[in-house]
Amino acid sequence: TPSEIMNRTVCPGKPLDPQSFELLTNGSVFIIQSETLISPDEFMLLGNTVYVCVNESAFEEKQVGVWKFDNTMGLLTIICSALSLVCLAIRLLLQPMVPLYQNFPGKLQFSLVLALFFAGVFFLIGPNCTHIKALCSALGVLIHWSYLAAFSWTVIIARDMYMLFGPSSFSRSSERGVDVFIMYSIFGWGVPIILVAIALGLDFSDIDPLYKPMYGAEGLCWITQRYALIIFFTLPIALTIIINVGLFIPTAITLWKSMSKRAQTTNSKQEYPLGIYTKLFCLMGFTWIFAFIAPYNVAFWYIFIVLNSSQGVYIFVAFVLTKKVWISLSSKRGLNNGTSNTKTTMVSASSIQNLNKMQETTEMENISQPVSVENVSMNL
């Protein structure tokens, strides 16, 4: 048996996934994922299965995956991701309950949150399904699609903010109707489907295995080939970040100038939109910049894990735990309960008036005029 043969050679036997290696004419085995060459005296071929015969720790060192953390990083990822999922779920559940979320920017934010929620769920399920190859591969595909969808929605949000508050102010908020949202949705969900379909098709093609994603190979429910990872994940992310930066900078400059002009016109105190810039920074996916520098320093890996695994927590704090959201939610409860005089359902006239004022500003104000922090916040 394979185990008996391995015992005779006094080394552990590790079977390799048939799609993860190539048997070369010189008798060596080429591990595609890690681009490692295994000499003939370091493995045994029994039937169609290759059993690697090397020191286990050394083999694992060679087989460093494209998305592999140590135990501490893994635990931190699970904790942050689980907490993030809870926060994202709350935001999703509040969508039909909060009138403020039902405006155009609220729908865009909901779509981004939905994509992040899908990504988080699939990502946490993956490690528990590595023993079922087909399921693991399917989860790898779904994780890939949901993350690409999330980035697509960051581009949409960046473009929408640029159209409203950029140098040219191309549109009014009232012009963003159903047709525009449908167009955004086709891009946000459809483009990732096309990219993933192409990647998945390569897995069943006869091209060089180096360019196949190999979803679910080697017990990893993700893209396991680094060239495919670069082509179908890293490059799209880099492109979206570049686009978002290109849209963010002129938008931020215009906001700053407009608020300065407003302060001079009204003789009021200058408003500093740091909170707005922070929200935009998060919504546009800029925290993923750390993914490109993390391989050079382990500290950046921890920063990357915390920032990106906890994105749902930030969205909850920045977009749920706010005064205007609770005013909006309270107004909905007040309308549903009629003129009830109980303290738990009574909404003050001033609260409703404030809500109406905010919604009116969002839908009717000409964005080409100097804007306030409150006006911009309503569109985030």
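Cβ atoms here come from the backbone N, Cα and C positions, even for glycine.
Database features, via TrEMBL:
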TRANSMEM  73-94  transmembrane segment
DOMAIN    73-323  domain 'G-protein coupled receptors family 2 profile 2'
TRANSMEM  106-126  transmembrane segment
TRANSMEM  132-157  transmembrane segment
TRANSMEM  178-202  transmembrane segment
TRANSMEM  227-253  transmembrane segment
TRANSMEM  274-293  transmembrane segment
TRANSMEM  299-322  transmembrane segment
Among the ranges 132-157, 274-293, 299-322, the one whose Cβ pairs under 8 Å to the transmembrane segment (73-94) are most numerous: 299-322
Annotated stretches the transmembrane segment (299-322) and the transmembrane segment (178-202) touching (3 or more Cβ pairs under 8 Å): no
Long-range Cβ neighbours of the transmembrane segment (106-126) (under 8 Å; 6 or more residues past either end): 78, 81-82, 84-85, 88-89, 91-92, 95, 98, 100, 136, 139-140, 142-143, 146-147, 149-150, 152-154, 156-157, 160, 181, 184-185, 188, 221-222, 283, 311-312, 315, 319, 380
Other parts of the chain folded back onto the transmembrane segment (274-293), taken as Cβ under 8 Å at six or more residues beyond its ends: 109, 112, 150-151, 154, 157-158, 161, 234, 237-238, 240-241, 244-245, 247-248, 251-252, 255, 300, 303-304, 307-308, 311, 314-315, 318-319, 373, 376-377, 380
Integer average pLDDT (0 to 100) for the domain 'G-protein coupled receptors family 2 profile 2' (73-323): 88
